[in-house]
Structure formats: C-alpha cells, structure tokens
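Here the structure comes first, spelled out in structure tokens, and everything after it is commentary.
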Amino acid sequence: MAAAAAAALRAWFWNERFWLPHNVTWADLAGEPGPPGSGLQYPRAAHVLSAFPLALGIFAVRLLFERFIAKPCAIKLGIQDSGPHRAQPNAILEKVFTSITKSPDGKRLEGLSKQLDWDVRKIQRWFRHRRNQDKPTTLTKFCESMWRFTFYLSIFFYGIRFLWTPLTSRLYYYYILELAFYWSLMFSQFTDIKRKDFLIMFVHHLATIGLITFSYMNNMVRVGTLVLCLHDASDFLLEAAKLANYAKYQRLCDAFFMLFGVVFIVTRLGIYPFWILNTTLFESWELIGPYPSWWLFNGLLVTLQVLHVIWSYLIIRTASKALVRGKIGAGQFHPVHVSKDDRSDVESSSEEEDVTSNNTKGIFSTSSNGSNRLNGHVAGGQWTGEE
C-alpha cells in the first residue's frame, strides 16, 4: 500500500505535461543526445541531490575560512575583536528587556526610574547598551563579508567561461556548486548577522533555489548560466565595499560602492528585464508556447525582478543621502561616505554598519538565451564528459 502510494505520488509530481513542453518527454532527456559512447548526457533530476552534502561541506569550509584566513587578515588590518560596551547587570531591567520590550516608552521609563531610583537618561542608556550588546562585532562582519567576497569573485570568473563554450561536465559542477552555496545561505541565515531585510532575503533564497533546481532538471541550463554570471558580476563588488568599510578605507569603500551601484542597476534593471525576461516571457511563448511549469519559472523570475527593484531603491537612496552630505569645493568633489546600510543590522547604531542592500543575488534561470532562444530543450542542452 505504501509503495503504491509513493509510486502514485512520484508519478503525479513528475508529470511530464506539467514540467516539459508538449513535444518533450522525460525519456528524451534520459537518453544520449549524441552517438553511443560520445560521453554526452542531459542533466538529470537526481544530480541536484548532491547539493545537500555539498552545502554542508561549503558551510564547514566557510567556518574554517573565517577562522584561519579572514580573521588573521582582519587583525592585520587593525580590526579588533572588541564588542560594544556591555550594560551594567540589573535583574529588573534585564527582565523588562527580555520579556516586555527592548525600547520602553516614556511612561515605563518613569516607572522604572522610581522603582530603581535611577535617572531616566541612565535607564535609556542602559537599554541602548543592552541592545547593542547583542550586535555582531566589526570583526565578525568583516569575516562574513570576506567569505562572500571570495566565493562570489571565484564563482563569477569560473562561471563566465560557460557563456561562450559548449555545455560540458564542468557546467554541472558550476550549477551544483551555486545550488549548494544557496542552500548553505538558507541554513546559515538564521545564525548569520540579522538584518532588516531578513524576510526579503528568505524569499529571495527560496526563489533562487527553486529556479536553480527546476531549470537544471528541465535542461534549461544555458540561460541559467547566463543569469548566474549576470548577478555574480555585482555581488563581489558589494562585499569588497563592506570589507573596505570595516577596515576604515573610506575612499576605497566609496569607490567600490559606486561601482557596485552602477553594475547592479545596469544588470538588474537593464539587462535582466530587457534581455532575460523578454526572452523567457515573450520569445519563448512564440517558440514553444506556455506550459504549466513555464508559468512557475517565469513567476519566480518576475518575483526576483521585484526584489531587484526594491534593492535598487535602497541603493539609490543610500547614494543620494551620501551625495547630499558630500560637498564640492575648490574644484574637488569630496568623497561620499556610504558607510551606513539601509538594511544592515537589526538595531542601527553609531558604530560602523554595512554598506547597502546585502548580497543581492537574484537569480536564475529559465527558458532561453540570446543565442539559440530555446535554452536547450533537447536541442542544445547537454553535458559532455570531457571538454
């Protein structure tokens, strides 16, 4: 009975008429596209399962990287592992902070003042110190950004090679590595530095994982590679700006941030909607027509575009505020200061903050790219065993 139910569920989930165009079957993707022994094969759904152990491996590598590489680099740059001023121990205020409110109003402050015989300003200072006490140190933020910078930069140069080469077995590693990285981000998001856009990033990671997974299983890998590289192009610049900010190289931080903003807006509000979405929404409609999973993929792609717009607004707002604070005098433009992040840590303070909207990786795949317009449904998407 259980076996029959599992088989029925599997048959329902992998229904060809949901996942594939009308002229394609799973059997088509299970065969070899080339002559026997050619080493060619299509992507298969079972391949994505390897992303889970790889995600754990990436997380372990991250911990080692942050401890033995990023931390020594931070210390060499003069970034100390010193947290904010700790609040004076007080059982009554601690109970209010943990059980009632982290930011008491005026009436509660007056009541606490009478109860403790403390000045209201002293109590306000205690709550401010207590809120800041749980914040990550600059060293912690530096290590996290250095890890992301290293991964984004490496994966960008690794993946950009596949924009001009045939689909090979190395593209499989690229795809699965990106998928594993986002699974690791999904898990570590609950332990990493908490930021104001936690929910937005959670939705982003879900959409990204879904698009990577389904585009791979449906052999929509060509456009997936294109969009991956498109988004990787800006992410390492943001992390570089954060690293410069934490190390107090403000001019370098400003330069990286402005470069990031330009690349982000050009790729996310220019190339992505007018090339990628235009192809997946309109050109693919004319070539192969819509089918159920087509709506799912394009819905996720449009969701990512909405996130792009939100993040672009935050970037532009941050840059505008910095430009307003900047001054032009004696023929010289004073460097803008973009050290504060509109979506940085949960509780903003006067201490150093991140640069702008976090890793903005909006991704992926579906349908076609500029060359063959069909993104490899049976026609061009296949792995080769060797390059």
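From the backbone N, Cα and C atoms, a Cβ is placed for every residue, glycine too.
Keep in mind that TrEMBL annotations are predicted by a computer and have not been checked by a curator.
Residues annotated as domain 'Homeobox' in TrEMBL: 93-137.
The average pLDDT for the DNA-binding region (95-138) in the predicted structure is 91. The feature DNA-binding region is assigned by TrEMBL to 95-138.
For 126-324, the entry in TrEMBL reads domain 'TLC'.
Sequence annotations record features per position, and here TrEMBL assigns transmembrane segment to 149-166 (among others). Counting residues 6+ beyond its ends, the transmembrane segment (149-166) has Cβ neighbours under 8 Å at 65, 174, 177-178, 181, 225-226, 228-229, 232-233, 235-236, 239-240, 242-243, 359, 384, 387 in the same chain.
Residues or ranges marked as transmembrane segment in TrEMBL: 172-191 (among others).
Summarising the annotation, TrEMBL assigns transmembrane segment to 198-217 (among others).
Per TrEMBL, transmembrane segment is recorded for 256-275 (among others).
What TrEMBL lists as transmembrane segment is 295-316 (among others).
Residues annotated as region 'Disordered' in TrEMBL: 339-387.
The compositional bias 'Gly residues' annotation in TrEMBL covers 378-387.
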Lying 6 or more residues past either end of the transmembrane segment (172-191) yet within Cβ distance under 8 Å of it, the residues of that chain are 43, 47-48, 50-52, 54-59, 62, 151, 155, 158-159, 162, 198, 201-202, 205-206, 208-209, 212-213, 216, 221, 224-225, 228, 359, 361, 363, 383
